[in-house]
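Visitor: Got a structure for you, questions after.
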Amino acid sequence: MPTLAITNFNIVLSVLGGWVSLFGLVSYLFKENFYLSEALISLLAGVAVSPPAADLVRPLEYAGTVENLHTITLYFSRLVLGVQLVLAGVQLPSRYLKKQWKPLSILLGPIMAAMWIATSLIVWALVPNLSFLHALVVGSCVTPTDPVLSNVIVKGKFADHNVPKDLQRIIIAESGANDGLGYPFLFFALYLIKYIGDGGVAEQGGARVAIGLWFGETWGYTIILSIIYGATVGWIAKELLHWAEEHRFVDRESFLVFAISLALFIVGTCGMIGSDDVLACFIAGNVFTWDDWFRLETLDDSLQPTIDMLLNVSIFLWYGAVCPWSSFLHNSVIPIYRLIGLGILVLIFRRLPFIFAVRKFIPQIEEVRQAIFVGFFGPVGVSAIFYLYITLDFLKTLEVDGKPRADVADLAETVDVVVWFLAICSIVVHGLSIPLGKLGFYLPRTLSRGVSSASSDGRDAGPSFTIGSRVATFVTGRPRYDSNSDDISGGGGAAESSTTIARRVFRIGGTIIPPRQEGLFSMPGVSSNASAVGGLDGELSPGRVSTPAPAAPGGIAGRSIRFPDEPPARTSGVVVGSDQ
């Protein structure tokens with residue numbers, strides 16, 4: 001007998017598939033017309049199905065334990081970052097990292113360091129009872145700019161119309177490279193905490209051992225090895241694909257999916273050897289299309305953007321469900337009013353002042369407003385959550401007898417609350433910035449133009465909102481046509497007259513629609529001197545005659561609907577309001 005199987009797996013699949021399908025129905029409307037990012041919309045959908053709301057998706061129940069939930073979120077973030085960064089590397093033109101090494105070195109060197117220090121100082125100032133060394137850990141998690149959220153300003157109609165191509169590419173390159181380069185900033189603080197945080201009681205060696213591990217393990221094994229490994233794998237993959245395509249061994253489907261399968265391979269192998277899979281994926285993607293062959297071959301294909309969209313929607317739906325929303329209000333490290341102030345200050349001072357200061361050294365930034373644009377849009381997102389769980393995993397190694405060391409007892413909660421809150425702030429603010437900016441730019445201009453046009457030509461625009469005052473009397477009805485003439489009957493002394501009905505028109509509110517210019521449009525039975533309906537202040541005078549206009553070439557005489565590129569229709573002299 002059939003039974004219901006309402007399991008967590010079935011619910012998660014149903015919610016994910018249903019949401020992707022529903023969002024797909026209106027995706028163009030939201031993304032290209034309203035400029036809303038899929039990340040923000042999916043995050044809100046995740047909140048709606050999370051345990052505090054509809055309780056459809058229960059991540060903790062599905063994972064079993066908090067540690068398992070952290071592991072799932074970490075691996076999911078690794079997967080999304082790996083695929084996204086390979087695709088980001090593939091998008092860049094031939095030898096881009098080599099050609100643009102000077103501006104990239106500025107963005108990835110002094111700018112990242114300044115962002116790290118500035119964010120850490122703000123966190124140190126606003127989080128009570130937090131040491132500066134611990135603040136460096138929090139600051140390092142949100143230092144990298146997120147490549148997933150950067151898509152909203154480098155792809156789509158807004159980017160095509162407002163962001164130059166060179167600026168788009170430098171943003172892609174920076175957001176791709178600095179994700180992997182977050183490791184040195186994070187582990188500089190973590191190693192110091194491990195060896196000198198408690199005064200050297202638990203770990204021997206002090207700062208000398210910490211700095212040695214930072215140079216050896218972090219820079220040597222994690223960063224340099226990942227760069228070499230990513231470049232090697234990307235080059236070999238490019239040559240193999242060239243060879244297979246020349247011998248016609250590869251079909252189109254496998255050719256298109258090759259970059260995505262390359263990302264999965266690098267994430268898995270780098271994860272096994274413990275290197276920086278995020279940086280390796282970006283380097284591999286750029287080397288893979290070093291000669292621009294693969295990028296140009298797949299320029300018009302939609303598989304990669306489709307996978308990109310599917311991963312974006314999925315990861316932010318999951319983030320909305322797993323985010324510790326209640327901890328923002330109820331935690332033991334920072335009150336909510338300080339948390340809100342922290343989010344505002346980080347969004348303003350984390351990146352914008354430093355990009356503005358070095359704008360003259362980055363050729364892609366040509367204007368002050370472009371510097372403000374690049375400085376503001378440095379979003380915090382998937383990469384911050386990735387480094388958050390890297391930090392939590394490292395803090396587990398600092399336990400003594402199954403309990404956290406006294407000096408890091410509150411650090412895990414601090415990192416969890418602050419990083420999640422900053423990520424949510426960035427997703428919301430950067431997701432709404434473009435539509436709100438567009439609204440704020442166009443709405444005042446539209447209203448001011450409407451108000452000025454309504455009161456132009458020395459005419460009174462009428463009361464702002466008067467309902468029921470009589471405006472005009474129009475003569476409506478369908479005029480008859482003479483079978484042997486293109487003119488309306490009654491206009492040239494024809495035998496037949498048109499049947500008309502007088503109707504009163506009343507004003508409902510003021511108008512912001514400018515009046516039509518005389519002679520550009522003429523309705524049958526209405527004077528061409530009349531203004532728009534909402535702008536008339538008195539009744540149309542009986543006996544006023546519409547001005548005849550020549551017929552449109554090939555058009556239909558007397559047609560009331562005309563397209564903008566057509567000349568006015570030819571009408572005969574129909575007397576408005578007269579007794580014929």
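Yeah, the Cβs are placed from backbone N, Cα and C, and that goes for glycine too.
Just so it is clear, the model here is predicted, and its values are computed rather than measured.
Annotations per TrEMBL:
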DOMAIN    26-435  domain 'Cation/H+ exchanger transmembrane'
REGION    541-580  region 'Disordered'
TRANSMEM  6-28  transmembrane segment
TRANSMEM  35-54  transmembrane segment
TRANSMEM  74-92  transmembrane segment
TRANSMEM  104-127  transmembrane segment
TRANSMEM  218-237  transmembrane segment
TRANSMEM  257-288  transmembrane segment
TRANSMEM  336-358  transmembrane segment
TRANSMEM  370-390  transmembrane segment
TRANSMEM  417-437  transmembrane segment
Visitor: State the residues, same chain only, that lie 6 or more residues beyond the ends of the transmembrane segment (218-237) and have a CB under 8 A from a CB inside it; answer 'none' if no residue qualifies.
Guide: 89, 180-181, 183-184, 187-188, 191, 258, 262, 265-266, 269-270, 273-277, 279-288, 290
Visitor: Which range out of 35-54, 257-288, 336-358, 370-390, 417-437 gives the transmembrane segment (74-92) the most CB pairs under 8 Å?
Guide: 257-288
Visitor: For the transmembrane segment (417-437), find every same-chain residue at least 6 residues outside the stretch whose CB is under 8 Å from a CB in it, and list them.
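Guide: Residues 34-37, 39-41, 43, 123, 127, 138, 141-142, 146, 149, 152-153, 158, 316, 319, 323-324, 327-328, 331, 333-334, 339, 342-344, 346-347, 376-377, 379-381, 384-385, 387-388.
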Visitor: Is the transmembrane segment (257-288) packed against any residues at least 6 beyond its ends, judged by a Cβ distance under 8 Å, and which are they?
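Guide: Tertiary neighbours of the transmembrane segment (257-288) are 78-79, 81-83, 85-90, 92, 96-97, 176-177, 179-181, 183, 221-223, 225-227, 229-231, 233-235, 237-238, 241, 250, 294, 298, 303-304, 307, 383, 386.
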